[in-house]
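Taken from Swiss-Prot as is:
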type	residues	note
SIGNAL	1-22	signal peptide
DOMAIN	45-118	domain 'IGFBP N-terminal'
DISULFID	49-73	disulfide bond
DISULFID	53-75	disulfide bond
DISULFID	55-76	disulfide bond
DISULFID	62-79	disulfide bond
CARBOHYD	86	N-linked glycosylation site
DISULFID	87-101	disulfide bond
DISULFID	93-115	disulfide bond
DOMAIN	121-186	domain 'VWFC'
CARBOHYD	143	N-linked glycosylation site
DOMAIN	215-260	domain 'TSP type-1'
DISULFID	273-310	disulfide bond
DOMAIN	273-347	domain 'CTCK'
CARBOHYD	284	N-linked glycosylation site
DISULFID	290-324	disulfide bond
DISULFID	301-340	disulfide bond
DISULFID	304-342	disulfide bond
DISULFID	309-346	disulfide bond
CARBOHYD	343	N-linked glycosylation site
């Protein structure tokens with residue numbers, strides 16, 4: 001039996017070698033490799049700005065109420081895109097209406113958007129929540145507005161100053177049945193009271209009103225500072241000089257200085273200020289695509305190289321007639337500067353809450 005063992009081992013070895021050769025010589029199955037088709041390039045942003053700038057010879061005429069601004073390429077004048085219009089890096093939204101370009105609908109390029117309204121933060125006053133831009137009256141003496149998380153209030157009682165010098169003993173008292181306090185003048189009976197009376201009989205004679213409002217104390221507040229330090233802005237005041245003797249808000253356009261002129265270049269050598277700047281040529285006023293019917297050569301307040309600021313010192317209000325390319329014309333009241341002076345008493349005219357320091361504190365407004 002010993003001779004059988006070597007033959008058995010040899011047979012097993014031959015079988016193993018045969019299996020290995022069969023595996024090595026058998027054909028290998030082919031593996032299919034999938035190559036995806038090239039995708040369309042959707043992340044490439046189109047070029048809306050071209051350099052050098054190519055602008056038309058004359059700026060476009062914008063519809064009434066649409067601002068004429070410089071495009072996003074800082075090249076040409078365009079009519080600003082309005083709410084709901086498409087916008088790009090060149091065709092920008094109207095900044096004077098608080099609009100911005102929302103690119104969220106153009107992912108992933110973020111090239112073409114839609115003009116949307118800026119949504120601000122609401123306010124909370126005395127436990128009551130108000131939305132951004134909402135106006136409200138916490139009491140009968142104040143009218144407040146919520147502006148992006150901050151509450152600004154203006155007084156409704158138009159008696160900020162005591163009577164004039166003819167009143168020797170003025171007193172600020174509460175009148176039963178009325179919200180606002182009033183000045184009472186305990187004058188000497190021998191001294192007649194000389195009030196500034198507005199007799200509206202002239203209005204009645206012209207047919208403007210049906211009833212007479214005699215013994216109306218005329219009141220006109222000073223004009224507020226211009227809403228912008230350069231360029232076109234708005235100034236307001238309160239006046240009851242009307243047929244009803246009712247306090248109404250009046251507004252006028254104002255332009256303290258041009259934004260596109262470097263006034264510092266006109267300051268004389270050795271000087272630190274230029275109080276008044278006046279352009280050499282007369283030009284037309286423009287407003288929302290409409291042009292004034294005549295040319296003007298206005299004076300502007302200048303600038304200083306130190307910490308002083310220049311504000312109007314002598315001014316008046318003029319009426320300017322505008323003519324629109326399509327539609328009827330209109331007229332607006334405009335600030336006309338005669339003289340300016342420069343001092344260190346400066347404040348930002350855009351700070352609508354600066355006057356609140358002279359008003360009662362928060363507790364009085366909230367209560």
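Backbone N, Cα and C atoms are what each Cβ position is placed from, and that goes for glycine too.
Locations of recorded Swiss-Prot features on the structure.
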residue	record	DSSP class
55	disulfide bond	coil
62	disulfide bond	coil
75	disulfide bond	coil
93	disulfide bond	strand
115	disulfide bond	strand
143	N-linked glycosylation site	strand
284	N-linked glycosylation site	strand
301	disulfide bond	strand
309	disulfide bond	strand
343	N-linked glycosylation site	strand
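The local packing around residue 49 (disulfide bond), expressed as other Cβ atoms within 10 Å of its Cβ over all shown chains, amounts to 13. Closest in space to residue 273 (disulfide bond), of the disulfide-bonded residues given as 62, 75, 309, is 309, taking the CA atom of each residue. Ranking the recorded positions 62, 79, 115, 143, 310 by the distance of their Cα atoms from the Cα of residue 324 (disulfide bond) places 62 first. Residue 290 (disulfide bond) is 8 Å away from residue 62 (disulfide bond) when you measure Cα to Cα.
Ranked by Cα separation from residue 284 (N-linked glycosylation site), the disulfide-bonded residues 53, 79, 93, 115, 342 are led by 79. Each residue contributes its Cα atom, and for residue 290 (disulfide bond) and residue 79 (disulfide bond) these two points are 12 Å apart.
Shown in sequence order, 81, 82, 83, 84, 85, 86, 87, 93, 94, 99, 100, 101, 102 are the residues of the chain, 6+ apart in sequence, with a C-beta less than 8 angstroms from the C-beta of residue 115 (disulfide bond). Around the Cβ of residue 101 (disulfide bond), a 10 Å sphere holds 20 further Cβ atoms from the protein chains shown.
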